[in-house]
Amino acid sequence: MTINPVSRKVAWLRVVTLAIAAFIFNTTEFVPVGLLSDIAESFHMQTAQVGIMLTIYAWVVAVMSLPFMLLTSQMERRKLLICLFVLFIASHVLSFLAWNFTVLVISRIGIAFAHAIFWSITASLAIRLAPAGKRAQALSLIATGTALAMVLGLPIGRVVGQYFGWRTTFFAIGMGALITLLCLIKLLPKLPSEHSGSLKSLPLLFRRPALMSLYVLTVVVVTAHYTAYSYIEPFVQNVAGLSANFATVLLLILGGAGIIGSLVFGKLGNRHASSLVSIAIALLVVCLLLLLPAADSEAHLAILSIFWGIAIMVIGLGMQVKVLALAPDATDVAMALFSGIFNIGIGAGALVGNQVSLHWSMSAIGYIGAIPACAALVWAVLIFRKWPVTLEEQPH
């Protein structure tokens, strides 16, 4: 059976390769969380000082997502992917060679530029490349690649960094990207730009109060999560007094729990998305409040991490599904905005965690993160009452 001139097998291979690319891009965004202590030691810096790199990366993505999407809106997509992968790979080689912290930050900015473009076009590309009638499954595959970055990418990156040095982790990600690029070159046809949206789309999106409310919810809840998550590795070692190996195990547990969250959302998300997101935010509040008390034992931290991982995965999937449902006419613009806003939250959370660790105490990151998490919970309840019909049930 063929689909337009290509077989279903080839169509799925294209989507899977794009999902692998999503895995690689998200792995490199998250992996510094597991390498902060090693990077700090190699440059003779404090962990909290190195942590500012997370904020810089996230805010570069936030600021550049929409401008880059608009600048490249007419560019043929296959060529655009090749160009951004070349930048991505070259920047990872520079990370590997970085002779001081400034050079490392510059290399991360280059990666962030590629990241900004990649995530503004990925959802629409997956839909275009999918076999007929399989668009939802294609988007699910991209989400799976994203989830696996936390489940496998971050812990594996940390293990590689522990045994071979953090530079090797970045080099390995670059080589993985090179292999993926070669696959994309072989598999992808020419992909003229379609329905990418333009500046004219922005006023239309800004006049959708449900969408704007979701963006606000996204930035607040992501800030809450990353206030604590950005510094979980040094927290485990310096505050809880546990081993570096356990920090790796904890990251694996937290990421692995995301699979459970993904399954829960896949089962119940179509009918109960709003309720699931609200419950997940409430669960996040509890996890952040219990982070310091749980630091008294490995078992308590491990159990807490399971619920934390489930909560953040349900929140992330819920937000993305709702945004896509509310902006089917300007997917690229809406997702570029979502990516930018999500990264504002990552950067803000990492910055708050940085300031708390430097000027107060790293032991307080859970309590401080719980403050915006509580605000997010109140906001979620308000907006889901105002727009009670789940977005998935709206007519398309």
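Every residue, even glycine, has its Cβ placed from backbone N, Cα and C.
Here Swiss-Prot flags 1-14 (among others) as topological domain 'Cytoplasmic', drawing on sequence analysis.
Among the features that Swiss-Prot reports, transmembrane segment is placed at 15-35 (among others).
With DSSP states grouped into helix (H, G, I), strand (E, B) and coil, the topological domain 'Periplasmic' (36-49) comes out at 10 helix, 0 strand, 4 coil. The topological domain 'Periplasmic' annotation in Swiss-Prot covers 36-49 (among others) and is backed by sequence analysis.
Per Swiss-Prot, transmembrane segment is recorded for 50-70 (among others).
Annotation source Swiss-Prot lists topological domain 'Cytoplasmic' at 71-80 (among others), citing sequence analysis.
Sequence annotations record features per position, and here Swiss-Prot assigns transmembrane segment to 81-101 (among others) based on sequence analysis.
Here Swiss-Prot flags 103-123 (among others) as transmembrane segment. Cβ atoms under 8 Å from those of the transmembrane segment (103-123) belong to residues 18, 21-22, 25, 28-29, 32, 39, 43, 53, 56-58, 60-61, 64-66, 68-69, 72, 77, 80-81, 84-85, 87-88, 90-92, 94-95, 97, 139, 142, 196, 324, 331-332, 335-336, 339-340 of the same chain, restricted to positions at least 6 beyond its ends.
Sorting each residue of the topological domain 'Cytoplasmic' (124-135) by its DSSP state yields 7 helix, 0 strand, 5 coil. Residues annotated as topological domain 'Cytoplasmic' in Swiss-Prot: 124-135 (among others).
Residues 15-16, 18-27, 29-31, 33-34, 122-123, 126-127, 129-130, 248, 251-252, 254-256, 258-259, 262, 266, 309, 313, 316-317, 320, 324 of the same chain, all 6+ positions outside the transmembrane segment (136-156), place their C-beta atoms under 8 angstroms from a C-beta of that stretch. Per Swiss-Prot, the feature transmembrane segment maps to 136-156 (among others); the stated evidence is sequence analysis.
If you look up Swiss-Prot, you'll see 157-168 (among others) marked as topological domain 'Periplasmic', on the strength of sequence analysis. Averaged over the topological domain 'Periplasmic' (157-168), the predicted model reaches a pLDDT of 92.
Here the transmembrane segment (169-189) has Cβ contacts under 8 Å with residues 6, 10, 13-14, 17-18, 20-21, 24, 27-28, 31, 35, 78, 81-82, 85-86, 88-89, 92-93, 95-96, 129, 157-158, 160-161 of the same chain, all six or more residues outside its ends. Taken from Swiss-Prot, the feature transmembrane segment covers 169-189 (among others), and the record attributes it to sequence analysis.
Per Swiss-Prot, topological domain 'Cytoplasmic' is recorded for 190-208 (among others).
Look at Swiss-Prot and you will find 209-229 (among others) tagged as transmembrane segment, backed by sequence analysis. Cβ atoms under 8 Å from those of the transmembrane segment (209-229) belong to residues 33, 54, 235, 281, 284, 288, 291, 312, 315, 319, 322-323, 326-327, 334, 337-338, 341-342, 344-346, 348-350, 352-353, 356, 365-366, 368-373, 375-376, 379-380, 383, 386-387, 391 of the same chain, restricted to positions at least 6 beyond its ends.
Positions annotated as topological domain 'Periplasmic' by Swiss-Prot: 230-245 (among others). Long-range contacts of the topological domain 'Periplasmic' (230-245) within its own chain (CB-CB distance under 8 A, at least 6 residues past either end) are made by residues 33-37, 47-48, 51, 54, 158, 162, 251, 254, 291-292, 295-296, 298, 301, 346, 349-350, 353-354, 357, 362-363, 365.
The transmembrane segment feature in Swiss-Prot is assigned to 246-266 (among others).
When DSSP labels each residue, the topological domain 'Cytoplasmic' (267-274) comes out as 8 helix, 0 strand, 0 coil, counted as helix, strand and coil in that order. Here Swiss-Prot flags 267-274 (among others) as topological domain 'Cytoplasmic'.
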Quick one: do the transmembrane segment (333-353) and the transmembrane segment (50-70) reach 3+ CB pairs under 8 Å, ignoring pairs fewer than 6 apart in sequence?
yes
Short question: which residues 6 or more past the ends of the transmembrane segment (15-35) have a Cβ under 8 Å from it?
53-54, 57-58, 85, 88, 92, 108, 111, 114-115, 118-119, 122, 125-126, 129-130, 138, 141-142, 144-146, 148-150, 153-155, 157-158, 161, 166, 169-170, 173, 176-177, 180, 183-184, 187, 229-230, 232-233, 247-248, 251, 346
